[in-house]
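Q: Here you go, one structure.
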Amino acid sequence: MILVVNAGSSSIKFRLFNDLDKSNPIDILDGLAERITVDGAVSFKYEGKKYEYNVELPNHEVAIKFILDKLIELNIISNVDDINAVGFRVVHGGTISKSSIIDQKVFDTIKDAVKLAPLHNPGAITAIEAIEKVMPKAKLVACFDTAYHQTLAEEQYLYAVPYSWYKEHGVRKYGFHGISYQYIAEKMSEVLAKPKDQLNLIVCHLGNGASITCIKNGKSFDTTMGLTPLAGVMMGTRSGDIDPSIIEYMCKELQLDVSKITNILNKESGLLGLSGKSSDMRDVTGGYFKGDEDYKRALNKYTQVSADYIIRFANLLGHNIDGIVFTAGVGENSIHTRQFILEKLPLLDIEIDNAKNEESYGDYKYISSPNSKIKVLAVRTNEELMICKDTINLTK
């Protein structure tokens, strides 16, 4: 079996896969340990039943041990050795270009990247150390959100700042959501019956965190997020791209230091900042149709910024666009967000089929009409399955 782990500073999302068929692993259990170091709660779903526990979780090691003990107690596994490998989602892998077995060199790279992802990498490090103690025989694999974007050309990843900043301090565009983009590229190769290395896509990963990526010949060619996940399109609570001078200006205006202003740009901006009310797209679209001016302002800006990047990436692909894909929480589920973005793309001659856009679906659906010059789809991403597959390939 394969365990997939996505750990934060106080939470662990986990999913267990049966890998008897290595080419088609099946997820059998999905769970969450949360409020680690505060008080603690563990919940998971197995065979249609939900299990919930309130338990003291002083650290990640105790949380993982509790999870494994419950899996044994419920006869889901007979012992920890039934799990032969663990795949970790790691947000920042520096310049590592593919999923990797975690050896000392890879682990040191993850630690070095903490300064680039201070909100995300520490949780992964803590979880890796905990699982090494609790599951000493398991093979450990790191899957990086940055790895997929290591194919960017220099003109895409460099910033117009002193070159020494890049050479000496690693200041460059890294990009994120790479595990999701990797999954979507593979899925779209199946859907369109086209070899992945010939695939040209514009993929909109729109969740609370959001980014858009231009995929050319199956590889990341450009992407919206940058050195950190703060850059690019407008998001739930993140600003996306702004004039860098705003930071110094608002430090002086509000008498706050840089870290506090950066925190506002990360946690109090985006949809939440412009509406002053909510970061949840369901609230925003609901308010929009009730005539709420604050939500109108937020949604109009969000959809315009997204459309602007799609046009920019369409230019990079020329007349060879196999499809525009919407994925992640907002992209998969928000009918009106998709519609409003597509309506802001007159140059692309896209024709939306409103009935298709509104209907429920399984893994994917077309939302463009047969007359549309470019195919448009909503596709459900599956980062955990992608991590599982990479883990199997590296450990079999």
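Heads up, the Cβ atoms here are built off N, Cα and C, so glycines get one too.
Computed from a predicted structure; not experimentally measured.
Here's the feature list from Swiss-Prot:
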| type | residues | note |
| --- | --- | --- |
| BINDING | Asn6, Glu383 | Mg(2+) binding site |
| BINDING | Lys13, His205, Leu206, Gly207, Asn208, Gly209, Asp280, Met281, Arg282, Gly329, Val330, Gly331, Glu332, Asn333 | ATP binding site |
| BINDING | Arg89 | substrate binding site |
| ACT_SITE | Asp145 | active site, proton donor/acceptor |
| SITE | His177 | site 'Transition state stabilizer' |
| SITE | Arg238 | site 'Transition state stabilizer' |
Q: Near His177 (site 'Transition state stabilizer'), which recorded positions out of Lys13, Asp145, Arg238, Arg282, Val330, Glu383 have their CA within 10 Å?
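A: Those near His177 (site 'Transition state stabilizer') - Cα within 10 Å - are Asp145, Glu383, in sequence order.
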Q: Quick one: of Asn6, Asp145, Arg238, Glu383, which recorded positions lie within 10 angstroms of Lys13 (ATP binding site), measuring between C-alpha atoms? Sequence order, please.
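A: Candidates kept after distance check: Asn6.
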Q: Within 10 Å of each Cβ, count the other Cβ atoms and name the one among the recorded positions Arg89, Arg238 with the highest count.
A: Arg238
Q: Out of Asn6, Asp145, Asn208, Glu332, Glu383, give those recorded positions positioned within 10 angstroms of the residue listed as 'substrate binding site', comparing C-alpha atoms, in sequence order.
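A: Passing the 10 Å Cα cut: Asn6, Asp145, Glu383.
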Q: Can you tell which of Asn6, Asn208 has the most other C-beta atoms within 10 Å, given these are the binding-site residues?
A: Asn6
Q: Among the recorded positions Lys13, His177, Arg282, which residue has its Cβ surrounded by the fewest other Cβ atoms within 10 Å?
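A: Result for the recorded positions Lys13, His177, Arg282: minimum number of other Cβ atoms within 10 Å at Arg282.
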Q: Around the Cβ of Val330 (ATP binding site), how many other Cβ atoms lie within 10 Å? Please give the count over every shown protein chain.
A: 26
Q: Could you give the Cα-Cα distance between Leu206 (ATP binding site) and Glu383 (Mg(2+) binding site), in whole Å?
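A: Counting only the Cα atoms, the answer is 14 Å.
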Q: From the recorded positions Asn6, Asp145, Arg238, pick the residue whose C-alpha lies nearest to the C-alpha of Arg282 (ATP binding site).
A: Arg238
Q: Please name which of the recorded positions listed here, Asn6, Asp145, Arg238, Glu383, is nearest in space to Asn208 (ATP binding site), Cα against Cα.
A: Arg238
Q: If the ATP binders are Lys13, His205, Leu206, Gly207, Asn208, Gly209, Asp280, Met281, Arg282, Gly329, Val330, Gly331, Glu332, Asn333 per the record, what's the largest distance between their Cα atoms, in Å?
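A: Output for ATP binders Lys13, His205, Leu206, Gly207, Asn208, Gly209, Asp280, Met281, Arg282, Gly329, Val330, Gly331, Glu332, Asn333: max Cα distance 24 Å.
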